[in-house]
Amino acid sequence: MAADGGSSPLQLPCVFSPKSRQYLALCAQDGRLRVWNTDSKTLQQEYVPSAHLSATCTCIAWGPCRTVKEGPQRKKRKSEAVPVEEKADLLAMGTAAGTVLIYSTVKGALHCTLQDGGHSAGVNCVQWHPEESLLYSGSDDTYIVEWDLQTGKTRSKWKADRAAVTSLCVSPDGKLLLSAGHVIKMWDLDTKEVYRKFTGHSTAVTTLRFATSRPPDSNGLYFLSGASHDRLLSVWQVREDGKDKNSVVSFTLTDEPQHIDLVTSNSKDEAVRLAVVCKDGQLHLFEHFLNGPCKKPLSPSCSVQMSDTRESPMPIPLLAAALVADTRTVLLAYGSHLQPVMERVEVNTAERHVCLTRDVQTSLSLSLDTAVSKVKTPMVNDKSKILIPGLPGHQAPVKGSEKRKKGSDTKEMSIAERLGEIDLSAALAEKEGPKGTASLQTDNFAVLLVQGLESNDANILNKVLQTRKEVVIKKTVARLPLPAVLPLLEELTKRLQGHPFMAILMVRWLKAVLMHHTSYLASLPDLVNQLGVLYHMIESRVRMFHKLTKLHGKLYLLMTQVATSDLETGAEVDHTAKLVYEEESSDEDEASGDEGLPDEDSDHWEEEDEDEEEAAMEGTADDHEEADDDDDDDKDPDSRTESKANGEEDMEHENESEEE
């Protein structure tokens, strides 16, 4: 954390100087160290490390105040003797490369660099010894290094934990050292051995602070700890009997603690004052007497938020807070890391929630030297007119000049006259034919798109954005100037929220913009806020698309089953014959009768009668066999009817022969 010297990679270090709170040191996104004066609210110093881009600053810690000789001065008499003030001078910075830089604010230069025999990975936390010129640093290589600032070399080095060391804190008497990864360990600095162990956090501990200045043998030594992604600050008691496995007090927060400042308690009758700035930009104030365990988590006595003065107010994040001698006053730093705003605020602790409104734009006060600026205003005559691009009615500052000659006054045409001449030249070119001068070209989609975005003209934007050709879209986006990329994304976001048919066209433009201008978008500091609406909209659409695909699959399966069942039922029901043939029975009977009659010319009619009788006997024998066999009758009823028919025909032939 910034307050105790450690910081996670996502948090930028920011800490006030001890005692007087006169300076605010912080490292911004560009890797530069800036020291601000809280009294004059101006930038005091700025230091750019040689490797500020590759080895960024990860943690900051102010050294103890000391007397500093600012230069040779004349000897003063005893009557003129003034008590020497102790000032905050040295500033320790841990880097991602494993080195520790010591910067002197009095000299305004680098004091020394600590790297020989040190860490092999990035430094996570640095902590000063309150009395001796010693510095302790913890790193991702799981080691703790004790540095001697007089020699600039390591004094001792030992392995602290299996995981990375994320936080350190030295006791007020300088005899104990707290270190933390996932497990909090208390070390005896004389022997470099573990004095106690404390477990209770599931994530990496980022904050360690001693809350009391009592000896550990008196059961009155307390310290607090905070972890990443944890909304509780735990207070631990170092007991003499060693039964200190659980935390005794918990403070509730709204988010992960980012900056902590506290006033230690020297006795049981003195309360601990605590100011915690969370990751969500809120400040929580606590005041509690540490006299043993407390079962319920303690809520803050007062919570402070800040917002701007717009119609729809937006929150202003708090960067750091410091407690001063006056119990009602709190020193706040808010706004941006590049240009923070410092202010002393009186907080009414009787109210549980306090919201402060500030206009950040007018509060920013960065002193700039105007003589250094190389921008010069042109000196022109009072009577001359200046035509500049931009909105109509815009006027540039004009100053008179005496160096111009009197005869140098020239009359320039107004914009209306120029536009009239352009129209006339275009009309003449049309009359003259192809040999005339070319007219202005307005078919460039990139130019039209920029004009439509600046003027917010729906007709121009519809003409350009309704293009379906991929090549035209890619070339238009490639020719688009960088300042027009964000307005185009905002316009695409609005149109994506409309009709789905329009969204299909806008997706092509969005894809081209993201592919071609990725590097520019990645360099924007507020990219998350700019593309937040687009991201949430795409996420909601994709989430709904997954559900729709499931529904589509179920409906498709249901419809295919219905279609197949319809086909099967249709084949079973259709039993009607498509075509029926009918035969005449009378003709067949006559034909069969004629065939059975013997010819008149036949001389062997008696033999034929005998043959017919034999056939009739065989037919009767067959009839008897069919009557005995019931199973054959059931299986083949048609054969029985045919045999009966043959028998009837034979009987008819016999009757005819007898009559003859």
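Glycine residues also receive a Cβ, built from the backbone N, Cα and C atoms like all the rest.
According to TrEMBL, the protein has these features:
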REPEAT    116-157  repeat 'WD'
REGION    391-411  region 'Disordered'
DOMAIN    456-558  domain 'Small-subunit processome Utp12'
COMPBIAS  582-616  compositional bias 'Acidic residues'
REGION    582-660  region 'Disordered'
COMPBIAS  623-636  compositional bias 'Acidic residues'
COMPBIAS  637-647  compositional bias 'Basic and acidic residues'
COMPBIAS  648-660  compositional bias 'Acidic residues'
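DSSP assignment over the repeat 'WD' (116-157) gives 0 helix, 23 strand, 19 coil. Sorting the domain 'Small-subunit processome Utp12' (456-558) by DSSP state (H, G, I as helix; E, B as strand; all else coil) yields 86 helix, 0 strand, 17 coil. In the predicted model, the repeat 'WD' (116-157) has a mean pLDDT of 91.
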